[in-house]
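Over in TrEMBL, the protein carries these features:
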type    : residues                                                    : note
BINDING : Gly97, Gln98, Thr99, Gly100, Ser101, Gly102, Lys103, Thr104 : ATP binding site
COILED  : 644-681                                                     : coiled coil
DOMAIN  : 5-345                                                       : domain 'Kinesin motor'
REGION  : 506-526                                                     : region 'Disordered'
Amino acid sequence: MVKQTIQIFARVKPPVRKHQQGIYSIDEDEKLIPSLEIILPRDLADGFVNNKRESYKFKFQRIFDQDAKQETIFENIAKPVAGSVLEGYNGTIFAYGQTGSGKTFTITGGAERYSDRGIIPRTLSYIFEQLQKDSSKMYTTHISYLEIYNECGYDLLDPRHEASSLEDLPKVTILEDPDQNIHLKNLTLHQATTEEEALNLLFLGDTNRMIAETPMNQASTRSHCIFTIHLSSKEPGSATVRHAKLHLVDLAGSERVAKTGVGGHLLTEAKYINLSLHYLEQVIIALSEKHRSHIPYRNSMMTSVLRDSLGGNCMTTMIATLSLEKRNLDESISTCRFAQRVALIKNEAVLNEEIDPRLMIKRLQKEIQELKDELAMVTAEQRTEALTEAELLQLEKLITSFLEDQDPESRLEVGADMRKVHHCFHHLKKLLNDKKIFGNNTVSNTVSSESKDRDCQEPLKEEEYRKLRDILKQRDNEINILVNMLKKEKKKAQEALHLAGMDRREFRHSQSPPFPPGNPEEGQRMRLSSAPSQAQDFSILGNRSSLLHKKTGMREEMSLGRQEAFEIFKRDHADSVTIDDNKQILKQRFSEAKALGESINEARSKIGHLKEEITQRHIQQVALGISENMAVPLMPDQQEEKLRSQLEEEKRRYKTMFTRLKALKVEIEHLQLLMDKAKVKLQKEFEVWWAEEATNLQVNSPAVNSLDHTKPFLQTSDSQHEQSQLFSNKRFGKQLNFQEVSSHALCPQE
């Protein structure tokens with residue numbers, strides 16, 4: 001058993017340029033505990049008599065300033081906790097602070113650079129690296145990812161998360177056994193055998209998280225998330241199994257609604273976030289007070305799930321994220337006060353060992369067999385698992401005679417064997433059911449089945465009509481959106497052509513006369529002949545969206561209109577630069593890995609060649625000693641020493657390159673995950689934009705809802721034909737207008 005208080009650390013977020021930085025100082029004396037001092041300047045608006053406190057001092061295990069790297073955070077905070085989990089103790093790391101103070105960046109990491117990986121991906125890499133090194137035990141790793149949104153739990157690894165809305169997903173509920181252990185229903189555990197599988201699960205869960213833009217943070221997480229690593233270990237031949245779990249918690253940030261001014265759906269989310277954090281603070285206060293009989297764990301779902309982490313069987317660490325800007329000093333002081341209360345809580349971590357259930361089952365089976373043998377010795381008859389055919393026939397005869405006997409005092413005597421008693425009851429039940437089924441009227445069943453068939457045919461027709469009408473509305477919306485986009489593109493192209501024509505005329509007036517001297521008709525003919533080629537270039541410009549579609553390889557289930565809209569949306573998106581940069585970095589890493597692989601193969605062949613030369617050298621020396629009757633020298637000669645030194649050098653080189661190749665592999669996998677994440681984000685934002693455009697068109701266009709329900713199929717085909725004709729005229733009219741404008745701008749007016 002390990003008794004210790006919750007470890008607290010502080011991390012200061014770098015300031016934003018627009019906001020004024022607050023005044024603070026960090027005292028890291030080796031002999032004393034590090035402390036953070038926050039200074040509040042005296043506000044002249046409060047008057048000359050101002051008794052407010054100007055300095056606040058808080059103590060932490062360690063304080064990380066603005067320039068602290070992610071690797072430093074992991075080495076000092078997460079690595080010791082992960083090591084204790086590998087030994088069999090439970091562990092928890094959670095980040096607490098106001099919204100926008102860097103909690104998600106610390107726990108999960110950034111999505112742009114490989115060096116910005118947070119505690120979760122680095123902990124996964126460290127754990128799987130240690131599991132590969134330790135071959136004395138058999139390990140099993142499982143992953144779960146829980147989201148608590150508006151006091152409702154959801155499984156972020158549920159495969160139905162993408163296709164279903166949040167209301168249709170099954171909610172995670174809390175169950176409690178008699179020993180007050182918490183069990184989560186509808187939360188799945190996924191086995192991860194490699195680091196890559198675990199990172200893929202993390203990426204899937206992060207994609208399904210609830211994120212919204214607030215005045216304090218552009219991408220604010222609106223829910224509490226708990227990423228749990230379940231680890232089981234067992235030594236070969238041992239009967240004990242060690243179980244440990246590591247909670248990595250990213251709490252949603254608290255915010256003052258009066259300061260942020262949010263409303264609507266964001267206000268509802270802020271209420272639930274602040275309420276759950278208030279219940280967490282109540283639990284912390286109750287645990288820090290002595291002689292407190294009741295701890296309000298059940299007030300919220302988050303405190304119920306983290307019961308062991310707060311004053312229980314766990315080694316817990318807290319990271320207080322601080323945004324020490326002048327406007328956020330009050331919230332930072334509140335976070336530090338919360339951390340000081342957390343530091344008073346004592347946990348008792350116990351090594352989680354239990355007997356292997358499979359060995360327990362074998363032991364119980366052996367005990368059952370021994371009891372059966374003792375019973376057979378007492379009754380002097382050997383009982384099998386099932387009754388024989390002769391015994392079954394005899395029982396059925398006894399039942400038949402018992403039912404046919406008219407004597408009310410007759411009895412069915414089968415002895416004290418419970419197997420025979422159960423069989424008699426089952427046989428009587430079967431006879432009773434057969435009699436009921438035989439007495440049912442079959443004619444009424446056929447009549448009811450015919451009426452059901454007639455009733456089902458009419459809803460099928462209505463449902464088919466409804467589906468066709470929805471498909472028609474969807475196609476109309478797509479055509480209207482694309483027509484609007486084509487109008488915008490046409491307007492941009494006409495403005496560009498007009499500016500180009502004006503510049504070209506000014507240049508010709510300044511450089512040369514409108515016609516060559518002596519032959520004006522020839523110059524007129526040359527300009528007219530150049531007009532079609534210019535128009536062809538502009539028509540190529542008009543088909544840019546279709547060429548982009550061929551390059552990117554859009555998903556086949558998208559219609560042609562949505563593919564073109566997606567390409568234009570992706571071209572103007574802010575994340576396109578980040579995706580291109582990651583592609584270039586990934587290409588460089590692939591080429592570097594390929595070169596390293598070739599060098600490793602070359603070094604391996606060279607090592608084998610050197611070993612073969614050393615072996616041949618030994619054989620030559622032995623043969624020379626046998627032929628000349630001389631003893632083989634014990635010390636190697638200079639040539640062999642040279643070969644051995646070359647061999648050692650090649651081995652060192654091979655080991656260095658192999659280590660670098662493994663690091664490159666991890667970086668390449670992480671970059672691929674980042675690119676996939678950016679693509680999923682881009683696709684989601686396009687779907688939101690597309691839905692908004694379709695809604696606006698439905699509101700603005702009264703023709704969409706003017707379908708006549710009496711003649712649905714005729715009007716559907718007519719309207720679809722007219723709108724498709726309009727769309728084709730608009731689309732191909734774009735190129736014709738380009739040609740007319742270009743020829744008109746290039747030819748001199750009469």
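Just so you know, the numbers here start at 1 and follow the chain as drawn.
Using the three backbone atoms N, Cα and C, a Cβ is placed for every residue, glycine included.
Those TrEMBL annotations? Automatic predictions, nothing curated.
Averaged over the coiled coil (644-681), the predicted model reaches a pLDDT of 88.
Other Cβ atoms within 10 Å of the Cβ of Gln98 (ATP binding site) number 21 in total over all chains. When the neighbouring Cβ atoms lying within 10 Å are counted for each of the binding-site residues (Thr99, Ser101, Thr104), the highest count belongs to Ser101.
Of all the Cβ atoms in the protein chains shown, 28 others lie within 10 Å of the Cβ of Gly97 (ATP binding site). Here Gly102 (ATP binding site) comes close to Arg11, Lys13, Thr321, Ser323: these same-chain residues lie at least six apart in sequence, with C-beta atoms under 8 angstroms from its C-beta. Counting every protein chain shown, the Cβ of Lys103 (ATP binding site) has 26 other Cβ atoms within 10 Å. Take the CB of Gly100 (ATP binding site) and look out to 10 A: across all protein chains shown you find 24 other CB atoms.
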